[in-house]
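*Asks:* This structure is in structure tokens; I'll ask about it shortly.
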Amino acid sequence: MGTFSVIQEGPVNALALNRDNTQVAIGGRNVFKVYSIEEDKFKEIYNLRSSKHLNLSFSCNDISWSLIDDNYLATAATNGHVCVWNLTKMGKAMQEQDYQEHKRTVNKVNFHSSEPNRLISGSQDGTMKYFDIRGKTSVATFVSNTESVRDVQFSPHMPHMFAAVSENGSVQLWDVRRPDKCQQQFTAHSGPVFACDWHPEMTWLATASRDKTIKVWDLTSKPTLEYTIHTIASIGHVKWRPQRKYHIASCALVVDCSINIWDVRRPFIPFAAFNEHKDVATGVAWRGDPQVFLSTSRDCTLLQHAFRDASRPASKANPQGMSLNNTGEVLYACRVPANTNLSKMSGLIRKYSTSTMNNSSDQFHLASSVMHHFQTTLSQEPKCFYSLALNYVLSGRSLTEMCEHNATVAKEHGKSYIATVWRIVKTMYGEEYIQNSFNSHGCKNNEDTVSHTNIPAGNLALASLDHSTDNERQSRGGDTPAAQCSGGDDETETEDQVDHGLLYNNGFTSYSNFRLGLPRGDFYFGDNELDIELDGLNTVADFKSSFRNSQQLGEQQDWTLPNEAFNIRHEIQNHSPPPEQFPNQNSPDINDDAPIAVEDSAAQGVLTVSNIPERCVWDPSSIVISALKYHAMLGDVQTAACMLLVMGDQRRLLTGLDEATQEHWLLGYIELLGRYRLWNIAAQVIKLSWLPNVTQLNQQSTRINTNCGKCSKPLQRAGWLCDRCHTSEYALCSVCHQVVKGLYAWCQGCSHGGHLAHMMKWMSLNKTCPTGCGHSCEYS
Amino acid sequence: MFEAQEINAEHKDLIHDVAYDYYGERMATCSSDQYVKVWDQNSEGKWILTSSWKAHSGSVWKVTWAHPEFGQVLATCSFDRTAAVWEELVGETPCPAERGNRHWVRRTNLVDSRTSVTDVKFGPKTQGLQLATCSADGVIRIYEAPDVMNLSQWTLQHEVQCKLSCSCLSWNPSLSKNHPLMLAVGSDDTNPANGGKVFIYEYSDNIRRWMKTETINSITDPVHDISFSPNLGRSFHLLAVATKDVRIISLTPIPDNASLQSGLSKLEIQTSAQFDDHGCTVWRVCWNITGTILASSGDDGCVRMFKMNYINSWKPVAVLKGDGSHISSETQRSSISSAAGLPTPPVSQTARYIKLGTIAQSREVPWH
């Protein structure tokens with residue numbers, strides 16, 4: 001039997017099946033029909049509204065079909081009538097009885113399942129009437145003492161018992177022989193109860209309410225709540241599924257158009273759902289068979305549902321959860337396999353025939369998850385990232401030194417391939433390389449720099465180009481001291497070299513050896529070092545200008561440079577703004593200079609080297625770019641971003657690398673640093689950045705609103721003077737009552753604070769504000 | 001390290017999602033029992049339940065954390081057809097003794113969907129507070145909180161109709177300005193005749209609308225989870241898909257003039273890897289934060305981890321058993337079916353995992 005439907009003239013309120021489930025009666029405001037149910041369709045046999053004498057009695061709230069005599073139907077009418085219909089008669093005679101006893105709408109009628117001719121009705125007027133349909137009036141009236149009765153159902157277990165549910169949330173159990181007083185009454189729900197249904201086998205009563213729950217009560221003795229099902233909407237109807245002890249069908253009063261079948265043992269998710277209706281379903285009737293049921297809906301249809309067409313929300317539900325964190329730990333929650341549950345249970349309850357247990361519907365309710373927390377023993381990558389981020393030097397030293405340092409750091413972490421990339425960058429763009437390439441013509445190389453001579457001689461031109469740019473960078477470094485990590489006003493790279501030279505002498509002997517092997521250019525720096533210490537700021541200027549001059553003169557005249565450096569120093573002392581302070585203006589000059597240098601060297605080189613004209617400029621940038629891109633692709637954005645940062649202005653030479661990619665890398669690195677709470681390094685990266693989109697990151701959300709510590713009024717002016725209190729004394733440190741210079745820490749809850757150290761000390765011992773204002777301060 | 005640490009998660013039904021917060025220090029779980037729970041680790045690394053509340057009137061499918069810049073904020077979605085945004089309030093509780101010093105309040109309930117809301121995800125931080133939801137009737141909704149300080153006000157910005165039932169979605173987290181906002185949506189539609197089950201949507205700044213740019217036609221089986229890899233510097237995107245197997249799809253933007261005009265990028269779609277190691281339905285896929293390791297979990301009750309060695313070469317590196325009974329790290333098992341077909345060198349370093357503890361969930365099965 002499949003799913004099929006028939007469309008009606010109007011919304012259908014109720015349905016009732018006959019004794020052998022072959023015919024169905026449906027009723028609504030303007031629908032009242034009987035259909036026979038065939039293999040794949042409904043066939044209309046009666047249309048009771050075809051009568052000429054239509055009145056409100058034909059508008060049904062509910063229908064009941066006698067289970068003893070197949071010819072009798074009862075309806076509950078909206079006008080308060082209870083009508084009994086005899087299907088063997090014709091025309092007006094069909095309406096055999098018309099009880100006009102209820103004062104308001106009748107909500108339910110229910111034929112007794114075993115006693116013939118017995119009928120009960122429940123009405124909005126708060127009463128229930130018991131009828132013998134052979135009589136003209138009711139046999140008994142039951143007064144519920146509640147506002148209205150929404151459902152009445154004869155118990156299939158106790159012949160004289162019926163249950164009534166009402167809008168005040170209570171359930172009453174009545175004996176038909178005792179109309180004076182109900183047998184039992186209990187409050188079942190926190191809202192109106194709209195429906196109830198007796199379990200066909202157990203003495204269970206299911207109740208459905210506007211409080212979005214279905215409750216199952218065991219009424220064997222005292223009413224006990226067995227199960228509660230939480231649903232997404234008010235429930236209008238419930239019906240136990242035959243032959244399935246724990247299954248119950250429900251339809252919602254609003255919102256939810258689907259008919260859900262629940263396993264009461266798993267009260268959170270429907271066992272099956274039927275979504276065919278376009279509007280809320282108003283009634284459900286099982287055809288005696290657990291696989292087939294009929295339903296009516298406000299969408300004007302009568303539908304037969306086959307269970308095989310049901311959707312199973314639980315099977316679509318994801319039974320697993322998983323999450324990875326930044327240290328490589330894994331959280332994993334998964335469903336406990338059904339057999340595990342079985343074995344657990346068989347321990348408790350000796351034996352179960354596995355054949356029944358393998359049935360999926362029997363295991364449906366056995367839903368539970370286990371959750372595990374896995375930690376890696378070798379979570380190398382995150383630790384390595386963290387350590388590298390802390391130890392990399394990104395600014396404040398010469399490119400060569402930074403590369404060498406970072407390479408050493410990378411190697412210490414077992415990242416020899418990253419160390420190699422650092423060394424390549426050093427080789428390509430470092431100061432030593434530039435000097436070495438000059439020296440490769442004029443003087444002998446030491447063993448450490450021999451490898452540099454392997455670089456094609458064509459690098460000469462590039463080198464001078466590099467050198468000029470490098471020079472510009474140095475001048476820039478002097479101009480924008482803020483960009484330098486250690487931050488002195490007159491700091492230059494030469495000064496740094498002094499520091500780090502010492503550092504290396506202490507810590508890195510191999511490196512100092514390397515430096516001893518440096519060619520003559522470095523002695524030149526060495527000469528200046530003494531002066532720098534003596535002369536301070538001025539030295540910077542003349543160092544740079546001298547250095548520039550040295551470049552323009554070319555390598556052949558290098559020997560004269562120290563003298564020139566001294567001479568020019570005194571001249572420039574008189575010129576207050578050295579031209580290098582405008583790097584943007586200077587840069588084109590320098591770029592102009594570079595070809596000159598090339599020409600010079602070429603012209604002079606002709607004398608000594610035969611094949612210089614054939615040399616073309618070899619640009620290492622493409623190789624460096626692809627190396628960086630490769631690392632970024634591998635997920636190692638740290639390397640890519642740090643190298644860009646360390647290269648400083650040399651990265652201009654990486655013409656093949658668009659700004660968007662550079663920005664992507666920097667943002668990626670900052671994001672990762674944030675994940676590890678490395679805010680200081682992230683701030684350093686932002687500060688060192690050359691891209692507007694990155695630098696503005698620390699310009700956002702910098703506004704701080706402050707309140708007066710006494711009157712809590714926002715401080716409008718700069719400083720701590722309160723407009724209302726006319727004093728700033730409440731801005732003193734609440735611990736030492738001194739003016740706070742520098743970092744002021746305060747609680748955003750009570751506006752009191754003071755020196756960071758004092759507040760930390762206080763809060764480590766106390767929980768409330770040091771001013772005694774009673775606030776439990778929060779410092780996060 | 002091996003000390004048994006058994007905590008009862010006390011969810012009364014299946015746990016559908018677990019989520020680490022941004023820093024990987026807190027955890028949220030959600031379950032069919034309609035509860036959401038938040039856990040913190042104490043100094044000994046033991047997970048302590050800090051909050052638990054009934055979040056919905058239906059199964060809670062997903063739970064996800066917002067970027068901590070916006071506060072301690074969670075979003076959940078449920079079978080009850082709603083998605084909700086929650087914020088943790090610390091201190092200033094009316095009855096601190098009862099509930100500890102922190103509790104979660106519902107900031108908003110998004111009720112636009114007419115069917116089960118199957119996934120909810122916060123957008124990239126750079127976009128402010130955006131929230132995408134998808135539902136079983138195939139509608140993708142993008143919400144935005146115009147004022148990040150006011151989490152109770154969300155406006156429905158976009159509604160995109162996807163022709164199949166949606167089961168999961170993922171934002172592309174790329175930080176590059178070259179990459180337009182991108183969403184991938186997976187469908188659990190079971191009919192292979194309905195074609196591809198993964199859809200890529202991009203936001204066009206020019207027309208201010210979300211447009212479907214691609215359908216991944218190679219995946220016709222139901223998709224249960226989908227996840228963009230963190231893209232911290234790659235020029236292409238990686239998308240992991242949990243279907244009957246684990247797929248890694250690479251999406252490479254192709255620059256052309258048409259895409260410049262529309263503001264949408266044309267993508268070249270390739271399957272980078274396909275793993276059938278689970279041998280059954282794969283339910284979840286999850287990336288580590290650098291996008292170098294992919295973890296997947298399936299009906300075999302295992303978490304399997306895959307690592308990229310070099311371009312387009314992915315290799316299984318570890319297996320974690322979900323019941324904690326046996327943990328193996330696999331190095332030599334080569335069940336890789338890399339699309340590139342390149343030989344895979346043995347990985348020098350394999351992650352070994354040990355079980356720290358079990359959060360068992362001994363639901364008391366009512367029996368009659």
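For all residues, glycine too, the Cβ spot is worked out from N, Cα and C.
What TrEMBL records for this protein is below:
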REPEAT    A:99-141  repeat 'WD'
REPEAT    A:142-184  repeat 'WD'
REPEAT    A:186-227  repeat 'WD'
REGION    A:467-496  region 'Disordered'
COMPBIAS  A:467-476  compositional bias 'Basic and acidic residues'
*Asks:* What else in the chain is close to the repeat 'WD' (A:186-227), if you only count residues 6 or more beyond its ends and a Cβ gap under 8 Å?
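*Replies:* Distal contacts: 150-151, 153-157, 163, 165-171, 173, 233-240, 242, 245, 248, 250, 253, 262, 264-265, 267.
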*Asks:* Against which stretches of its own chain does the repeat 'WD' (A:99-141) lie, if we need a Cβ under 8 Å and a gap of at least six residues from its ends?
*Replies:* 61-69, 72, 74-84, 147-154, 156, 159, 162, 164, 166, 174, 176, 179
*Asks:* So what's near the repeat 'WD' (A:142-184) in sequence-distant terms, Cβ-Cβ under 8 Å and 6+ beyond its ends?
*Replies:* 104, 107-108, 110-115, 118, 120-130, 190-198, 200, 203, 205, 207, 209, 211, 217, 219, 223
*Asks:* Under DSSP, the repeat 'WD' (A:142-184) has how many residues in helix, strand and coil?
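*Replies:* Helix, strand, coil within the repeat 'WD' (A:142-184): 0 helix, 21 strand, 22 coil.
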*Asks:* Within the repeat 'WD' (A:186-227), how many residues are helix, strand or coil going by DSSP?
*Replies:* 0 helix, 24 strand, 18 coil
*Asks:* Run through the repeat 'WD' (A:99-141) and tell me, per DSSP, how many residues are helix, strand and coil.
*Replies:* 0 helix, 23 strand, 20 coil
